[in-house]
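**Student:** Below are the structure tokens for one structure; questions will follow.
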Amino acid sequence: MDWTTTQLVGKSLPNGQDVKCRDRESVITKTDQGNAAKDRTIQISICGSTPLLWRSVDIKQSRDEVGVIGTLIGSLARQPRQNNRLGRPLEILKEEARLLLETGEATDVRHPDKSKKVSESGESHLNAVQFYQARLDRSYEEQCSLALEEKKAVLHRVMDEKQNSNEGPERAVRERLCSLEKSFSFPRSAMAVQLCTARAGFSHCPEELAFLAADWPEPRDKRSEARFRVYKDLRRKGFYLTAAGKFGGDYLVYPGDPLRFHAHFIALCMPMDESSPLSDILTIARLGSNVKKTVLLCSPRDPSDSQVEGDVVYSSLQWSGMV
């Protein structure tokens with residue numbers, strides 16, 4: 001909103017100009033609200049069949065407002081050769097991504113809204129490339145000067161160390177320092193390039209995004225539908241869920257944020273009409289007892305079965321020992 005419009009609103013001007021100012025203020029306010037709503041939409045990037053969150057604002061919003069935990073799988077920019085602390089992107093469950101997309105909390109960056117998509121002309125794309133190349137050239141010149149100054153500082157330090165020695169080595173260093181301006185070269189391959197992590201992603205090219213997300217969405221079977229319905233029902237009840245592959249289940253179920261609570265349940269999702277060997281049931285029940293968690297057998301209810309209450313039937317298992 002410009003300053004002139006703010007000052008003119010509310011004053012009586014001839015020829016109905018005050019009405020036009022009010023209309024203009026209303027249009028600007030609606031535009032700002034639309035942009036704010038767009039920025040608050042979580043953007044999900046797809047790599048293969050894996051949904052990822054790249055933007056830090058999306059990661060924070062998904063955890064604080066939606067309850068999506070996920071797992072950081074990227075390396076830190078300043079410490080790339082370690083895996084104790086990880087960074088972006090955040091890998092989320094397929095069920096989490098599907099629920100976010102269905103509820104409108106998120107959008108798939110592969111398929112933006114056509115009404116909001118702005119087609120980039122060839123001329124604007126060429127201008128963007130030229131601007132980026134010019135910025136790289138300026139960065140290269142700055143890094144050349146910095147590298148030259150650093151080289152001079154090293155030679156000056158060597159000269160200071162050799163002041164008490166004989167004159168021969170000091171003269172050679174002085175001659176090298178004098179000819180450094182002409183002989184110094186900084187290879188372009190050694191230039192440091194800044195990565196724009198504020199809009200991090202694999203690519204902004206639509207063709208490459210479509211190629212990376214070729215396996216999304218995955219074909220849905222009874223097993224995947226059961227997992228999604230169980231996830232949706234537990235999230236509706238206020239529980240937090242993470243992957244439970246190392247515990248032999250589908251989800252770890254937390255009563256609150258995993259940073260504050262331990263998981264209470266191991267959820268194992270299976271269709272209502274699916275049979276499971278008794279040995280598998282005993283194995284998962286014993287495992288849950290060893291890690292001090294209750295195993296939940298979660299089976300989505302058949303819509304045609306009116307005798308069962310709720311969307312999902314839960315059965316708890318606890319290991320009490322061998323008889």
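Every residue gets a Cβ built from N, Cα and C, even glycine.
Just lifted these from TrEMBL, have a look:
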DOMAIN    42-109  domain 'TSEN34 N-terminal'
DOMAIN    226-304  domain 'tRNA intron endonuclease catalytic'
ACT_SITE  TYR254  active site
ACT_SITE  HIS262  active site
ACT_SITE  LYS293  active site
**Student:** Including all protein chains shown, what's the count of other C-beta atoms within 10 A of the C-beta of LYS293 (active site)?
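**Tutor:** Within a 10 Å radius of the Cβ of LYS293 (active site) lie 20 other Cβ atoms.
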**Student:** Counting other Cβ atoms within 10 Å of each Cβ, which of the active-site residues TYR254, HIS262 scores lowest?
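**Tutor:** Result for the active-site residues TYR254, HIS262: minimum number of other Cβ atoms within 10 Å at HIS262.
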**Student:** For the domain 'TSEN34 N-terminal' (42-109), what's the model's average pLDDT?
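**Tutor:** For the domain 'TSEN34 N-terminal' (42-109), the model's average pLDDT rounds to 89.
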**Student:** Rounded to a whole number, how many Å is the Cα of LYS293 (active site) away from the Cα of HIS262 (active site)?
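**Tutor:** So the Cα of HIS262 (active site) lies 9 Å away from that of LYS293 (active site).
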